[in-house]
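Below: one structure, written as structure tokens.
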Amino acid sequence: SLLLLLLPLPSHCADPDPLLDLCVANLTASTSSSYFPCKLPSEVTADDFVFDGLSKQGNVTNLFGVAVTTGNVLSFPGLNTLGLSMNRVDFGPGGINPPHSHPRASEIGIVIEGTILSGIVTTKNVYYGKVATAGQVFAVPRGLVHFELNLGQTKALFFTAFNSHLPGSTVLPLSLFAAAPSIPMEVLTKTYLVDEDAINAMKSKFVF
């Protein structure tokens with residue numbers, strides 16, 4: 001109908017389109033929108049467009065044997081309004097990037113070193129898993145739960161890119177068992193069909 005033709009077309013961008021050549025984030029300013037206010041042009045430098053954080057290996061001596069180094073707008077202000085970001089993910093032997101989702105972005109990753117099992121689960125609980133090795137690329141649709149597991153006995157490394165300058169990450173075990181304040185015990189026992197002792201045993205593993 002004519003009404004449908006007059007309606008604005010939906011946007012497929014995760015972040016708003018930039019309206020300026022440059023909008024380096026002013027991270028000290030408060031914001032209630034999808035992007036940070038721009039620095040004054042006189043305050044912008046070449047350093048705002050270079051980030052070396054992904055060149056450094058992360059510390060994998062933790063519960064999951066994984067280190068995620070984020071290159072989003074919070075650490076790389078030049079990404080503000082550009083609709084993109086990157087992460088570096090280091091694994092120790094057998095390390096796992098546990099089930100998680102990115103609410104604001106789709107993801108593409110490339111394996112640099114090691115053997116990685118990449119798995120995603122759809123909203124209909126269909127699981128897709130594939131083993132990827134160096135040079136292979138995997139994709140994760142926006143918002144879907146997914147994980148990566150190092151199948152090897154040596155370290156592994158991959159890099160991911162997102163179509164958002166701040167994709168966000170909801171890590172399921174941390175959200176459920178390390179939330180502050182805690183999710184009510186009755187919710188967890190009814191969800192997992194176990195008693196309080198089992199829930200407390202799980203929660204004790206996520207005390208940092």
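Any Cβ shown, glycine's included, is placed from N, Cα and C.
Because the structure is a prediction, the values reported are computed rather than measured.
According to TrEMBL, the signal peptide annotation covers 1-16.
Per TrEMBL, disulfide bond is recorded for Cys23-Cys38.
Marked as oxalate binding site by TrEMBL: Asn87, Asn97, His102, Glu107.
The annotation Mn(2+) binding site is assigned in TrEMBL to His100, His102, Glu107, His146. Under 8 Å, Cβ to Cβ, and six or more positions away along its own chain, His102 (oxalate binding site) finds Val140, Arg142, Gly143, Phe162, Ser164, Pro167, Gly168, Ser169, Thr170.
Counting other Cβ atoms within 10 Å of each Cβ, the binding-site residues Asn87, Asn97 show the lowest value at Asn87. Among the recorded positions listed (Cys23, Cys38, Asn87, Asn97), Asn97 has its Cα nearest to the Cα of His146 (Mn(2+) binding site). Put simply, of the recorded positions Cys23, Cys38, Asn87, the one whose Cα is nearest the Cα of His100 (Mn(2+) binding site) is Asn87. Of the residues the record lists as binding oxalate, namely Asn87, Asn97, His102, Glu107, the two whose Cα atoms sit farthest apart are 14 Å from each other. The binding-site residues shown are Asn87, Asn97, Glu107; of these, the one with its CA atom nearest the CA of Cys38 (disulfide bond) is Asn87.
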